[in-house]
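**Student:** Here it is, the structure, as structure tokens.
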2 protein chains.
Amino acid sequence: MNSELSSQQVQDIGEQGLLERLQRFCPPEIIGDDAAVLVTAPKQSLVVTTDVLIDGVHFSDVTTSPEDAGWRAAAANLSDLAAMGATPLGITVGLGLPGKVRVSWVERLYQGMTQCLQKYNISIVGGDVVRSPVTTLAITAFGQVNPDRIIRRSAAVVGDAIIVTGVHGASRAGLELLLHPELGQDLNDEEKTALIRAHQRPQPRLDVLPILWKILTPNSQLPIAGMDSSDGLADAIIQICRASGVGAVLERREIPVPKTFNHWLTQEQVLEYALYGGEDFELVLCLPQELASALVQHLGEGAAIVGSITSGSTVLLHDEQKKFPDQVLSLSQGFQHFNS
Amino acid sequence: MNSELSSQQVQDIGEQGLLERLQRFCPPEIIGDDAAVLVTAPKQSLVVTTDVLIDGVHFSDVTTSPEDAGWRAAAANLSDLAAMGATPLGITVGLGLPGKVRVSWVERLYQGMTQCLQKYNISIVGGDVVRSPVTTLAITAFGQVNPDRIIRRSAAVVGDAIIVTGVHGASRAGLELLLHPELGQDLNDEEKTALIRAHQRPQPRLDVLPILWKILTPNSQLPIAGMDSSDGLADAIIQICRASGVGAVLERREIPVPKTFNHWLTQEQVLEYALYGGEDFELVLCLPQELASALVQHLGEGAAIVGSITSGSTVLLHDEQKKFPDQVLSLSQGFQHFNS
């Protein structure tokens with residue numbers, strides 16, 4: 001890219017010019033009509049989810065390259081599909097842009113989105129580009145799901161084991177390292193990079209679904225409870241409990257965190273990052289104990305049974321070694337976007 | 001609504017509070033999971049379309065009440081579905097809001113959207129609400145279509161008649177009357193209201209589809225060319241011609257405009273509003289002459305054959321009475337959103 005091209009602004013090429021540039025990120029067969037047509041498999045239900053991201057609120061050039069902002073936005077939507085048990089079909093992208101945004105910034109955003117989508121063999125299938133005083137990214141993702149295999153927040157029952165995939169807190173730790181490079185002096189470069197990568201390039205856990213279906217094969221009618229942990233692990237468990245009318249007890253030491261956490265974080269920080277850090281995009285699932293054990297065995301990489309569903313309505317953090325008192329988890333440490 | 005409630009701002013109730021208020025606009029079964037699940041009919045393809053609307057660019061409290069802004073946004077997306085031959089299934093709504101926006105404004109916006117959707121027995125099936133410096137509305141609509149009945153811009157062939165539904169220019173005229181109340185002195189109140197209504201409450205032409213399928217029954221494999229006229233009638237015809245690699249000739253006097261236009265507009269204004277006004281959300285279809293005549297006969301209310309598809313690539317405006325010279329239509333009078 002020569003310097004003239006790289007400094008070109010959106011207002012220099014207009015809406016049509018920008019659309020032409022962006023069409024190379026879309027499959028050719030979907031371009032040029034009022035809407036995109038997608039083929040769904042027979043007997044599958046349609047699953048849709050949408051996210052809006054605002055420059056300065058949800059992403060910022062300070063911590064996030066346009067490629068990473070694109071990847072993260074796509075990953076968050078695919079994670080919502082995974083949380084429902086759905087296989088992705090495609091996404092649409094609505095973009096609001098100030099005229100002074102560089103065309104190369106927009107192209108890098110689309111590169112990040114398509115890089116994430118390519119992992120799952122899907123594409124950007126439609127969109128809209130408009131002028132706006134603030135850069136705004138609205139993504140809607142579609143997937144399909146076998147109606148017998150829909151994962152719902154409301155399906156947890158007393159006695160279920162609570163399974164979490166992967167580790168929690170890595171994304172938050174990566175963000176802290178980006179914002180405060182003076183932190184993590186005791187980490188080597190590779191360890192730092194891994195945490196930063198967890199923040200910049202989260203992986204939606206669509207890979208969990210086929211493993212889950214395999215384990216559930218003899219129990220095809222079993223309702224599956226779960227959601228993703230995009231708003232934090234504590235939030236996910238509390239939401240599942242609220243929707244299912246149950247409580248939960250979590251075993252403090254069973255919550256999987258990155259191995260490197262103990263090198264540079266206090267025990268309190270480890271717990272805060274893991275429970276309230278958010279944006280790990282892992283799955284939280286509730287299944288009968290035997291199936292849960294089988295699933296964890298297949299998943300590897302930190303997946304663990306972290307507790308169980310109880311009657312009542314409180315979500316309790318318990319320490320088997322009794323070093324810490326029992327603690328009731330609440331959403332209050334979470335975000336309330338509109339309150340300053 | 002008491003005055004305390006009506007002056008409440010989004011920041012007073014937070015994201016969760018606002019979501020709870022807005023959930024009453026959604027069917028209860030879709031609330032509370034990471035994504036919405038929709039049932040599609042067998043052997044139908046999925047159709048998706050998305051629009052982003054920005055306060056001050058695409059809508060404004062000066063000319064548009066929140067109810068009307070909501071209706072128009074929903075109608076525009078449903079019109080895109082109609083333009084593909086698709087029956088709507090639902091929409092998702094992504095909303096970016098400054099904290100100072102009144103809760104009642106948001107509720108009125110949702111009322112307008114759901115009023116429009118109710119006409120077609122569909123709902124808001126999901127969404128996202130976030131903080132933003134500028135009010136932003138991102139709508140994605142889903143529909144389903146029989147794969148043999150997809151309407152495409154690229155399917156026009158030489159000799160086809162060009163059919164337009166309804167009248168053109170009414171929405172633009174309504175906007176002019178809103179912006180300049182001193183205009184239209186020769187119109188009575190009812191006539192003014194009808195034009196303003198065309199701007200505020202456009203009707204997506206989903207009603208045309210069953211009539212079209214009925215007429216096409218003996219020709220089930222016939223490719224159907226068309227699109228909607230949301231960006232203007234001239235734009236629609238030019239886009240169809242470009243996509244199909246053909247030209248067109250339009251008969252100036254055949255273009256249906258509101259009867260009241262001649263009372264207050266010059267001939268030049270009538271033509272400009274009809275061809276370039278935009279936002280009439282009518283359909284432009286290309287069909288063999290005989291089928292086109294049958295369709296127009298069934299449609300009524302201004303629908304007309306306005307010309308035919310020709311070889312070549314120019315779109316010519318012709319005057320049978322030779323009062324005006326032939327004129328080549330171009331997109332240059334249309335909008336280029338990013339150019340100031």
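Cβ coordinates are placed from backbone N, Cα and C, and glycine is handled just like the others.
This is the feature table in TrEMBL:
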type	residues	note
DOMAIN	B:32-145	domain 'PurM-like N-terminal'
BINDING	B:Asp34, B:Asp80, B:Asp228	Mg(2+) 3 binding site
BINDING	B:Asp34, B:Thr49, B:Asp80	Mg(2+) 4 binding site
BINDING	B:Thr50, B:Asp51, B:Asp128	Mg(2+) 1 binding site
BINDING	B:Asp51, B:Asp80	Mg(2+) 2 binding site
BINDING	B:His58, B:Glu279, B:Phe335	substrate binding site
BINDING	B:Tyr110, B:Gly127, B:Asp128, B:Arg153, B:Ser230	ATP binding site
DOMAIN	B:158-313	domain 'PurM-like C-terminal'
BINDING	B:Asp231	Mg(2+) 5 binding site
**Student:** Using Cβ atoms and a cut-off of under 8 Å, determine which of the binding-site residues B:Asp34, B:Thr50, B:His58, B:Tyr110 neighbour chain A, and list them by sequence position, or give 'none'.
**Tutor:** B:Asp34, B:Thr50, B:His58
**Student:** Below 8 Å Cβ to Cβ and six or more residues apart, same chain only. Which residues does that give for B:Gly127 (ATP binding site)?
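**Tutor:** In sequence order, B:Leu22, B:Cys26, B:Thr92, B:Val93, B:Gly94, B:Leu95 meet the Cβ cut-off.
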**Student:** Whole-number Å distance between the CA of B:Asp228 (Mg(2+) 3 binding site) and the CA of B:Glu279 (substrate binding site)?
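**Tutor:** If we compare the Cα positions of B:Asp228 (Mg(2+) 3 binding site) and B:Glu279 (substrate binding site), the gap is 9 Å.
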**Student:** Can you tell me how the residues of the domain 'PurM-like N-terminal' (B:32-145) break down into helix, strand and coil by DSSP?
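**Tutor:** Its residues fall into 35 helix, 45 strand, 34 coil.
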**Student:** B:Arg153 (ATP binding site): which of the binding-site residues B:Thr49, B:Thr50, B:Asp51 is the nearest Cα neighbour?
**Tutor:** B:Thr49
**Student:** Just jot down the residues in the same chain as B:Asp80 (Mg(2+) 3 binding site), at least 6 apart in sequence, with C-beta under 8 A of its C-beta; none if empty.
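**Tutor:** Listed in sequence order, they are B:Thr49, B:Asp51, B:Ala141, B:Asp228, B:Ser230.
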**Student:** Where the distance is taken from Cα to Cα, which of the binding-site residues B:Thr50, B:His58, B:Glu279 turns out closest to B:Asp34 (Mg(2+) 3 binding site)?
**Tutor:** B:Thr50
**Student:** Could you check what DSSP calls B:Asp228 (Mg(2+) 3 binding site) once collapsed to helix, strand or coil?
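**Tutor:** It is in a strand.
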**Student:** Tell me, by DSSP, whether B:Arg153 (ATP binding site) is helix, strand or coil?
**Tutor:** helix
**Student:** Within a 10 Å radius of its Cβ, which of these binding-site residues (B:Asp51, B:Asp128, B:Asp228, B:Asp231, B:Glu279) has the fewest neighbouring Cβ atoms?
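**Tutor:** Relative to the other binding-site residues in B:Asp51, B:Asp128, B:Asp228, B:Asp231, B:Glu279, B:Asp231 has the fewest Cβ atoms within 10 Å.
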**Student:** Return only the integer: C-alpha distance in Å from B:Asp128 (Mg(2+) 1 binding site) to B:Tyr110 (ATP binding site).
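**Tutor:** Distance between the two Cα atoms comes out at 13 Å.
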**Student:** Between B:Thr50 (Mg(2+) 1 binding site) and B:Glu279 (substrate binding site), how many Å separate their Cα atoms?
**Tutor:** 16
**Student:** Find the average pLDDT over the domain 'PurM-like N-terminal' (B:32-145) in the predicted model and report it.
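**Tutor:** Mean pLDDT, the domain 'PurM-like N-terminal' (B:32-145): 92.
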**Student:** Compare the Cα of B:Tyr110 (ATP binding site) against each of the binding-site residues B:His58, B:Asp231, B:Glu279 and report the nearest.
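**Tutor:** In terms of Cα distance, B:Tyr110 (ATP binding site) lies closest to B:His58.
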**Student:** Between the Cα atoms of B:Asp231 (Mg(2+) 5 binding site) and B:Glu279 (substrate binding site), find the distance and write it as a whole number of Å.
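**Tutor:** Distance between the two Cα atoms comes out at 6 Å.
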**Student:** Taking the Cβ of B:Thr50 (Mg(2+) 1 binding site) as centre, how many other Cβ atoms lie within 10 Å?
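**Tutor:** B:Thr50 (Mg(2+) 1 binding site) is surrounded by 28 other Cβ atoms within 10 Å.
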